[in-house]
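Note sheet for the following structure.
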Amino acid sequence: SVPRCYLNKQLATVRVLKGDPAELSCTVSKDNVTGAWFKDGLKLTSMDGVVFEKKGLVHKLIINKAEDIHAGKYRFEGGDVKTEASIFVEDPPRVDKVLLKTSVPTVAKAGQGVKLQIPFEGRWPIRAAWLKDRMELGDDTRIRVDKTDTCTTLSISNCNRKDGGDYKVRLKNDSGVLEINLKLLVIDKPQPPAGPIKIVESSANNITIQWKPPKDDGGKPVQRYIVERQQVGRNDWETLGETPRSCTSFTTSRVEEEMSYYFRVRAMNAEGVSDALESGEVKAAGKASPGAPDPPEIISASRDTITISWTAPSKTGASQIIGYIVQKRKKGTVTWLPVTNVPVKDKKLKVTSLKKGVQYEFRVAAVNAAGAGQPSDPSEPAFARDPTKSLGQVRDLKVSSSDSTSVTLTWNKPEVQDGNDVKGYEVEMKPCNSLSWTKCFTLSAQSNSCRVQGLQAGEKLFLRVRALSDGGPGEASELQARAGAAPVVSPRLLIDDTVKSFLVIKAGNPIRVKIPFEGSPEPVVTWLKDGLSLPSRAAVSTEDGSTQLLLRAAELSDSGTYTVELGDGLGKRETFSFQVQITDIPQPPGAIRLEENVPNTVTVTWDPSASEQWEKNLYYTILKRESQKGLWHVLGDLIYNNKFTFTRVVPGRDYYFRVVAKNDLGASDPSETVQPWRIWKKKAEFRVKAPKYRGVNQNQPPRFLVPLKSHVVVTGSECHMSCAVGGHPPPKITWYKDSRDLSRDPNYFCTNDFGVCSLVVLGVTKQDEGEYMVEASNEVGRAFSKAFLAIKGNS
């Protein structure tokens, strides 16, 4: 629909997109009223693209296709009607509609360079930002972001798979924001297959290996796998074959018995072959002999015999087991002796002719057609002697003393029968909430007490003691014990230099404060903000004698006084308070108003930034330019109110003004005037006066009275570069960075006051580092001065 404004109905503003139609209309009381239209105080008789229409009592001003020249303040006068309205021509960023609809990704090969270019239109200046994973991209060794007046380009050299993904281009000017979504696909050869290589089978005739597909196929599907083999001791690799993408195992029959090999696998797609996944050493089996059985078990013993039993091995080899070889040795010796001369067919054997009182160990090996297999591990040692009665319970087990971290036990020796002497004692413990016992000590036969340490104050536990003899452990004696109470320690906060009483945190950063304390019993910890409970976003953790407050992303509302309070439950308390100030880059100032209170001056006033409510060190910088696309110049800085008067107004010249709010962290987005400010120039009387005298030619080429100096500044601060220039006529000044003209770059502000030339960089970043040059030129000659700007990070 066409934007319309009915002037006599108090609708005094119309906003229209550039290129769209617009209409102003006014209704008068009499049909014979002719009326007149005015724009910016001048009567309109004709105007490009504007049609005046009158139908009865309605007078219309119709704009067929709105352009920048149509923006301004319009007034209609006719009969008893006199009213006005404003037209604002909006020109937000625009791109080809194909870019907004396309979902086809840009495809690039790894190692090559890629350029993503977005042409755009709209009112200058347009800020262009490239984002990936919600992070704005900046220049580095591989990535470069360039922008001209009509397009923005992202260049990536030597791209890799990690560069692929979703990108977003954000275009912004004073009329709106436009976002374009792009997708980049980087294709490459696949990663190696996922390991390790698993040996599924290894026999005398075959070896089967298995692997997993690569975690990254390089953006192209895997076509097949290539399997190679190397014999241990050789340098060359032999290709065994290939498998399709759906098969991740391979069997080779080209093996030799008891020969060792290495295997490796590569994945292949349309872009190439991956690096190899290699196996460890794989040995082909020899003749299939049996595996080792489990260690034999002791069934019974007497003065000269011990009976043992065992189970068959899990691997029986290539043929049936025909028997077992049984061996014995005295404990402490290394020589194994055969028990029988022929294999034992049963899995149980009574070993005879043993020496009384000697400890023996036994092992067995299975036998099949291929021969004897690997022997088992030794059995538990056993004495050749008649069985004895186990020891009874220790006597008089009791807790002799305890404190907050330990319990001391004492006992007496159990009654001994049949010469079964005590060889030592075993002490075990079990927490009340546990079912399993833990061995604490093994003590000598002379011991009759022990101290169990490392307990918590007041902890309850079970303890038991049993005597040990050659016949085994005796019957356990058990009791319940409890550690003593901890000593009373008044709650106290341990405040040192690491705990600050005033914190300044940037919005979005975490607030993390950790305060140590002491107290026994454990004191009650309470956190407050401004005397009230903490916000729900706050997390408090208290353990191991310290308490911590954490807010993961600080907000402006988190500023205030925080208090931590310790209480012992008996009315005794200790507190500590600290201040937290949350700050951020200021919000933009409000609307700008311009007034000519004094002839040939303009008073600029603006609504304060919302950040004034919480930022004590906020101030303003005001800038101006003399054309819609000219360079911004600083008029005033460190302004702590909302008003500034510009006195050097040249009548007949258009002025645009911009206000920026600043604090220690940086500068806000600017607030700008949309329409130009102009004081109309009075027509001067033209007189011709013949020159009486032609003076001496005073023209002089430019020269630098004070050259530029190099600067080193901290990231986020301001940089002021200045020099002094002489010459006649006054030279034209042009600034360059790394040979790039800065005249139309809104990130730099230039001034030239009677030959003193300054360049101001607001909120410097690493991208501002480089060589700066100022050129002075007039009709007589040119001069140059250079300096280097170095940026260092915040310490």
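Cβ coordinates come from backbone N, Cα and C, glycine included.
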Note to self: Suppose you had to name the range TrEMBL annotates as region 'Disordered'; which of 203-223, 371-391, 413-433 would you pick?
What the structure shows: 371-391
Check: Is it true that the domain 'Fibronectin type-III' (588-682) and the domain 'Ig-like' (3-74) have 3 or more Cβ pairs under 8 Å, skipping pairs fewer than 6 apart in sequence?
Finding: yes
Note to self: Please list the DSSP helix, strand and coil residue counts for the domain 'Ig-like' (3-74).
What the structure shows: 6 helix, 36 strand, 30 coil
Next item on the list: Sort the residues of the domain 'Ig-like' (702-785) into helix, strand and coil with DSSP and give the three counts.
Entry: 3 helix, 51 strand, 30 coil
Next item on the list: Please average pLDDT over the domain 'Fibronectin type-III' (192-287) for the predicted structure.
Entry: 89
Note to self: Summarise the domain 'Fibronectin type-III' (393-488) as counts of helix, strand and coil residues per DSSP.
What the structure shows: 0 helix, 51 strand, 45 coil
